[in-house]
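Let me begin by presenting the structure, written as structure tokens, before commenting on it.
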Amino acid sequence: MDPEETSVYLDYYYATSPNPDIRETHSHVPYTSVFLPVFYTAVFLTGVLGNLVLMGALHFKPGSRRLIDIFIINLAASDFIFLVTLPLWVDKEASLGLWRTGSFLCKGSSYMISVNMHCSVFLLTCMSVDRYLAIVCPVVSRKFRRTDCAYVVCASIWFISCLLGLPTLLSRELTLIDDKPYCAEKKATPLKLIWSLVALIFTFFVPLLNIVTCYCCIARKLCAHYQQSGRHNKKLKKSIKIILIVVAAFLVSWLPFNTFKLLAIVSGLQERYFPSAMLQLGMEVSGPLAFANSCVNPFIYYIFDSYIRRAIVHCLCPCLKNYDFGSSTETSDSHLTKALSTFIHAEDFTRRRKRSVSL
């Protein structure tokens, strides 16, 4: 097969396709053959353990389950499925891009990465919408924020993500270049580039805009609530801090690589091309950040969500009485939702009184 019939920029696993136009440098080889295998091994070990503990803690915890926990469990499951394929990519990077595990795993692992990417973005979007409904529209959200609705939404996300991953499954193949096996993508046609551009916009940038918008509205509502109630010191700072960290982690993990991917697709559709070396370097540097997102989520939840922290400690050390759940399963979210509901009812009551007086 002609090396020029491979593409380097249509996947979320940046360097899975060889690019014969870019020569290896002395600094590039240690990065791909030494740093990346070590980095991916660390991501694999911490991510598998962290997501297993997170799923077990939330699934087997005593008491009722929060609605947000359903999305978190599915997100952890998606990350875990992806992380299982990481040893294949460790071997690939250690062997300087050679794929030594056969065609089935070439297609299957690439498909799992695509499904994980879509599933993660959609679940994070649903979690932001859930927080938005719970905090900004607590009264109206009671009709939609139900357990059965959450399960239906998660099942739909998995189904849609599996469908969106099919183009990757069909386009990946094990090809020989200079008698060496590579897990590569077939040549990108103009139609495929257009599809990739549309898919990237609607499966990443639109959800990203949704997430940022939801959390901005949440922050605005929290500021208004705490200023009105007179409690705007520690609680306000903590709530805003968690929101900013969640948004920042998402942006740092996904935005750099998808930006380079967007530039690469646009470059392929236009006569003027961006320097291929620049795009390759950008994807090689930003790609591991997207991979690492699958292992950092459990740590973010453990550090910043006291409810999940108690669940994990209770799961690992049931004998610790200080972390017992007790009879109450309410969290800061539920307390805040109740407070905002009361606040909204009070606003409505005041508004109606003013209207009746004016009449």
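Using the three backbone atoms N, Cα and C, a Cβ is placed for every residue, glycine included.
Owing to the predicted nature of the structure, the values given are computational and were not obtained by experimental measurement.
Among the features that Swiss-Prot reports, topological domain 'Extracellular' is placed at 1-33 (among others).
What Swiss-Prot lists as transmembrane segment is 34-54 (among others). Beyond its flanks by at least six residues, the transmembrane segment (34-54) meets 72-73, 76-77, 79-80, 83-84, 86-87, 89-90, 93-94, 288, 291-292, 294-295, 297-299, 301-302, 308, 312, 315-316 of its own chain at Cβ-Cβ distances under 8 Å.
Using a Cβ-Cβ cut-off under 8 Å and counting only residues 6 or more beyond its ends in the same chain, the topological domain 'Cytoplasmic' (55-69) has close neighbours at 76-77, 80, 127, 130-131, 145-147, 150, 307-308, 311-312, 314-316, 325, 329, 331, 333. What Swiss-Prot lists as topological domain 'Cytoplasmic' is 55-69 (among others), and the listing cites sequence analysis.
Annotation comment: Swiss-Prot describes 70-90 (among others) as transmembrane segment, evidence class sequence analysis.
Among the features that Swiss-Prot reports, topological domain 'Extracellular' is placed at 91-120 (among others). Within the chain carrying the topological domain 'Extracellular' (91-120), a Cβ under 8 angstroms from the stretch's Cβ atoms is held by residues 11-13, 15-16, 18, 24, 29, 32-33, 36-37, 40, 74-75, 78-79, 81-82, 84-85, 157-158, 160-162, 164-169, 172-174, 180-183, 203, 290, 293-294, all 6 or more beyond its ends.
Annotation comment: Swiss-Prot describes 121-141 (among others) as transmembrane segment, evidence class sequence analysis.
Residues annotated as topological domain 'Cytoplasmic' in Swiss-Prot, with sequence analysis given as evidence: 142-149 (among others). Per-residue confidence over the topological domain 'Cytoplasmic' (142-149) averages 86 (mean pLDDT, predicted model).
Marked as transmembrane segment by Swiss-Prot on the basis of sequence analysis: 150-170 (among others). Within the chain, the transmembrane segment (150-170) has long-range Cβ neighbours (under 8 A, six or more residues past its boundaries) at 11, 67, 70-71, 74, 78, 107-108, 110-116, 118-119, 122-123, 126, 130, 192, 195, 199, 203.
The DSSP breakdown of the topological domain 'Extracellular' (171-192) into helical (H, G, I), extended (E, B) and coil residues amounts to 4 helix, 13 strand, 5 coil. Residues annotated as topological domain 'Extracellular' in Swiss-Prot, with sequence analysis given as evidence: 171-192 (among others).
Here Swiss-Prot flags 193-213 (among others) as transmembrane segment.
Annotation source Swiss-Prot lists topological domain 'Cytoplasmic' at 214-239 (among others).
Only residues 6 or more beyond the boundaries of the transmembrane segment (240-260), in the same chain, are considered here, and those with a CB under 8 A from a CB of the stretch are 9, 12, 14, 121, 124, 200, 204-205, 208, 211-212, 215, 218-219, 222-223, 279, 282-283, 285-287, 289-290, 292-293, 296-297, 300, 304-305. The transmembrane segment annotation in Swiss-Prot covers 240-260 (among others).
Here Swiss-Prot flags 261-283 (among others) as topological domain 'Extracellular', drawing on sequence analysis.
Feature annotation from Swiss-Prot assigns transmembrane segment to 284-304 (among others). Listed as Cβ neighbours of the transmembrane segment (284-304) (distance under 8 Å, sequence separation of 6 or more from its ends, same chain) are residues 12-15, 31-32, 36, 39-40, 43-44, 46-47, 50-51, 53-54, 72, 75-76, 79, 82-83, 86, 116-117, 120, 241-242, 245-246, 249-250, 252-254, 256-257, 259-260, 312.
What Swiss-Prot records for 305-359 (among others) is topological domain 'Cytoplasmic'.
The phosphoserine annotation in Swiss-Prot covers Ser358.
Per-class residue totals from DSSP over the topological domain 'Extracellular' (91-120), listed helix then strand then coil: 23 helix, 0 strand, 7 coil. Non-local neighbours of the topological domain 'Cytoplasmic' (142-149) in the same chain are 65, 67, 70, 130, 133-134; each lies 6+ residues outside the stretch with a CB under 8 Å from one of its CB atoms.
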